[in-house]
Structures are given as C-alpha cells and as structure tokens.
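Annotated in TrEMBL:
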type     : residues : note
COMPBIAS : 9-18     : compositional bias 'Polar residues'
REGION   : 1-25     : region 'Disordered'
TRANSMEM : 51-77    : transmembrane segment
TRANSMEM : 83-102   : transmembrane segment
TRANSMEM : 122-143  : transmembrane segment
TRANSMEM : 158-176  : transmembrane segment
TRANSMEM : 188-208  : transmembrane segment
TRANSMEM : 254-274  : transmembrane segment
TRANSMEM : 294-322  : transmembrane segment
TRANSMEM : 334-358  : transmembrane segment
TRANSMEM : 378-400  : transmembrane segment
TRANSMEM : 412-431  : transmembrane segment
TRANSMEM : 489-508  : transmembrane segment
TRANSMEM : 520-540  : transmembrane segment
Amino acid sequence: MTAAPVAENGNNTGSPDSGSPAPPRQKSWLGQHFSVLLWRRDSQAQKAGQLVSGLLALNVVFLGGAFICSMIFNSVAVTLGDVWFLLVALKLLSLLWLLYYVAGTTHRPHAVLYRDPHAGPLWVRGSLVLFGSCTICLNVFRVGYDVSHSHCKSQLELIFPVIEVIFICIQTWVLWKHCKDCVQIQTNLTRCGLMLTLATNLLLWVLAVTNDSMHREIKAELSAVMEKFSGNETNTCFCLNTTVCEVFQKGYLMLYPFSTEYCLICCTVLFVMWKNVGRCLAPHTGLHPSTHTFHLHGVIFGPLLGMLVLVAGVCVFVLFQIEASGPAIAHQFFTLYYGFYVAVLPAMSLACLAGTAIHGLEERELDTVKNPTRSLDVVLLMGAALGQVGIAYFSIVATVATDPHELLNRLILAYSLLLILQHIAQNLFIIEGLHRRPIWEAAQMDKPEAGPSRRSSLLELGQGLQRVSLAYIHSYSHLNWKRRALKEISLFLILCNITLWMMPAFGMHPEFENGLEKDFYGYQAWFTIVNFGLPLGVFYRMHSVGGLVELYLGA
C-alpha cells in the first residue's frame, strides 16, 4: 500500500491537480503541526536539490560556451576537435546516467508512483522521434561525406558522428518511455542527471548554431571546382566521387535544421521531467485531452481555408526547391515566396485577434491549478518566437538602410513587419486559451459533491450524475457560435502553422539565399543569426500546432 499523494501547495483540503474539492478531514493539533513540519522539510529539500542541479547545468553550459567561443575567436588554440572531445565526454556521462536511470532508478520499489498526464503529449514524442531520425540521417550523410574525402580526413572525424548516433538513439528511447515520470526516489541524483543531459543538448544546439565549418568546406570545394575548370589548380581536398558527394552535401544541408530542432525538443522534455521529480499528483478522473477524440463537429470554413493555404504553400515550396537546385535562384521566385507570406500572415493575425475577442466574450473560468507543463508551454511560445522576430528586425534594418524602394526589398520589409505582428497576435490567442478551463473540466466541476454518504441517498446521487451527464452531452454535441468560431479559427491556424513549419524545416531558407542581409551584415554574422533564429522559428510553428490542438479540443 502506498501513501496518499500529498498536495503540492501543502494543503490537504483538496486535489491540487484535478481541481475537485475534497471533504475536510479533522486532525488533531499535533497531527496538523507535524504535517506542516514535514511539508516544509520536503519543500526545502526539493528547492535545495533544484538549486544544486541548476548550478551544475549552469557551470557545464558556461564551460562549453567558453570552449565554443574560444574556437570561434581563436581557432588555432582551441580547435573544433577540442570542442568535440568535451561534448563526447558530456555525452558519455549523460549516456551512463540515462542507462542507470532506466535499469536502476525506475526499477526500484515506489520509484515512479505518479505519471504526469500533461507531460509528453503524443505530438511532442512524435516530433522527438521524427527529428531524432532526421538527425541520425544527418550524421549518416556526414559520415558518407567524410568517407568520400577519406584521403584527406582524420579517423577521429568518423568517430564523432557514430557516437552522436548512439547518443541520439538511447536518449530518444529513454525520453519516449519515461517523459511522464514523477520520480520519488534518488531525487537529487535524478535532478543532476537530467540537468547534465539538458546542458549537453543545449551545448550541441549552440555548436550547431555557430559552427559553419561544413558549410564553408562545401563552399570552398565548389569554388575550387570552378577554379579548376578555369585553369587554376588549388590544393583543396576534392571528393573521389563527385555524384556521391553531391548527394551527401545536399542531404546534409537539407537536414541541418533538424539537428538543432532535435536538441531544443530534448531540452524541453528534460526540463519537464526535472520539474516533475519528487512531484505528487492526485488521481485524475474524467475526460482528458490526451484521450479525447478529434472530431470536426461540422466546422467547414477553417479546414477549407487552411487547405487552400497548405496547397498554395506546397506549390511555392516545390517551385522554389526546383529553382534552388540550379546554380542561382531567379529574382521572381523570391518575390513569389515573400508575396505568399504577405498574403497569409495578415489572415492569420486577423484570425488570432478574432479568437482572442471571442475568448473575452466567453464566460469560462480560468484554470489556476499548478501545471508545470502549461507554464513551460507559455515560456516556450514566448521564447521560440524570439527566433523569427529577431531575424525580422535584422531584416528591417538591412532593408531600410539599403534600398527600401525596390520591389523585393519592399516585400521583405512588409514580410518582416507582418511576421512580428502575427507572432504577437498568435501568442495572445494561444496563451489566453491555454489558461481557460476546458469544457469537459467545467462539466466535471459541476458534479455533485460526494459529501457524507449517510446524508445523501443513492437515488438522489444517481439522478444528479445523470443530469450532469445529459447537460455535458447536450453542451458538447450542440456547439454555440462562440465555440464553433473558436474551432474554425483553431483549425485554420493549425493548417497555416503546418504550412509555415514545412517550408523552412525542409530546406527552404530565402532569408539566407536572397543576399540582401548577407551582404549587409557579412557571411559569418548572418549565418549565426539565421542558424539561431530559423530552428527557433521551426520549433515555434510546431509548438503552436500543439497548443492550437489543445485549444480546439477544449473549445
């Protein structure tokens, strides 16, 4: 027999996670006093463990950041190989802890008594597997590229991608299986292990953002080929098989954003697991969004308009990718790309503003229950939006300072301004919706309290439950105009965000290829800005889809 779950806020008068009040239980003064002392001791121990593990992660990140910055500013003293050696050591330590966690910690008695139903939804775990698989393919292309240049490559350059593949496979498997765990034993060790793994993924992301050695190598090889055809011989390391090398190069460049995306998703999952260490949950009853089926419920205009945007986006994407396979991209294809965004972004902004206004008209209670997953969702929405917003502001400055009267520059300027407005409007809509109580929870709150069984007859209790069930079915099956409008808006925004996720995720990067900002800021600076912002932008679109699905189900 296990003890009853302790409320997170230290009160014993209700269920902290389900939100349903429980009948007060009479305790002696001595029992209440000891309960408060035990809760304070556990709370202090939890805060101390979080502080120690947070300091561990902070020191690891600062050490790795110092190595990466030293490599950037003084590549002679600190080389890329030195940074790789540090990351390999961190990966091995993280792997040892992950294996120990699976084989040791979770198999002990009373190790995982509770599992957070809000953590690790299906779309997060699916994204983890998708981007992890793409990152494995990226390392396979990298190994193939290095093998095709084996006559001028060191053996160490073949080992590091293999270690990366092993690390990704084990980490993805552990996170998929244990992302909902609320560990109750070895809490300090578990927190430190999670923070070490999180810091390792964060450093891998920073290295992927700042390291352009592979891109420079491919560019130098292409320039050397052109010089060779012109009659000038160079000492550049050439590929033994040109066709195979071109396949490896294209695959590597196309999958490069997936690597940074995978690191960001792992960091979010590990942070939620870290927050859930030592957390006790009350038993959940009733329907839950993860088990709730997805039905259209008669919505028409949202899916129809969203499908039109999706089809148009696929057409623009295919045309741009075909043009990008050639030696240069024509001017009109950049105009087509930015024109598509200038048409879609205002529609999305208006839909978000309309949804926010409808939220204000609805008389639905706010959900104030403590929920680490929802709090992290809000932080991630605000933080990931900084990626595209930052790129947009840099583009605005470069456009205004260069030539704002040229057609393409005017489109880039309009695209940047509309992108900022759309991020603000969509964040307001999603965050407002996440903090409103879903319809099934509102129905559960209306259930009659159990109370003392001696004072309520079985017949009256059955009749009350029947009335609540009929009211819930009637409310859910017959949508009023507010709920129907919210569902239409949510579906339209889901399809639009999927379209805007697909285009940069699969290798469409006009921000770097149009040449305007690259010439204005310089290759190295703009490469870092784009590599920092684009993965965050892809993550933002994907995270927005998950939030919008929750809004749709909760409407």
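Positions of Cβ are set from backbone N, Cα and C atoms, glycine also.
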Problem set entry | Spatial neighbours of the transmembrane segment (254-274) far in sequence, C-beta under 8 Å, 6+ residues away | 50, 53, 116, 119-120, 124, 127-128, 131-132, 134-135, 137-138, 141, 168, 171, 175, 178-179, 181, 191, 194-195, 197-198, 201-202, 204-205, 208-209, 372-373, 376, 380, 384, 504-507, 531, 534-536, 538-539, 542
Seminar exercise, completed: Ranking 83-102, 158-176, 334-358, 489-508, 520-540 by Cβ pairs under 8 Å to the transmembrane segment (378-400) puts first 520-540
Problem set entry | Spatial neighbours of the transmembrane segment (122-143) far in sequence, C-beta under 8 Å, 6+ residues away | 158, 161-162, 164-165, 168-169, 171-172, 175-176, 179, 214, 248, 251-252, 255-256, 258-259, 261-262, 265-266, 268-269, 290, 542, 545-546, 549
Seminar exercise, completed: Best-packed against the transmembrane segment (489-508), counting Cβ pairs under 8 Å over 83-102, 188-208, 294-322, 334-358, is stretch 294-322
Exercise. Against which stretches of its own chain does the transmembrane segment (83-102) lie, if we need a Cβ under 8 Å and a gap of at least six residues from its ends?
Worked result: 60, 63-64, 67-68, 71, 156, 160, 163-164, 166-167, 170-171, 174, 177-178, 190, 193, 196-197, 199-200, 203-204, 207
Exercise. Near the transmembrane segment (520-540), which same-chain residues lie under 8 Å Cβ to Cβ, leaving out any that are not at least 6 residues past its ends?
Worked result: 205, 208-210, 212, 215, 257, 260-261, 264-265, 380-381, 383-388, 390-391, 394, 398, 401-402, 423, 501, 504-505, 509, 511-512
For this session: For the transmembrane segment (188-208), find every same-chain residue at least 6 residues outside the stretch whose CB is under 8 Å from a CB in it, and list them.
Result: 49-50, 52-54, 56-57, 60-61, 64-65, 68, 83, 87, 90-91, 93-94, 97-98, 100-101, 105, 171, 256, 259-260, 263-264, 266-267, 270-271, 273-274, 277, 531, 535
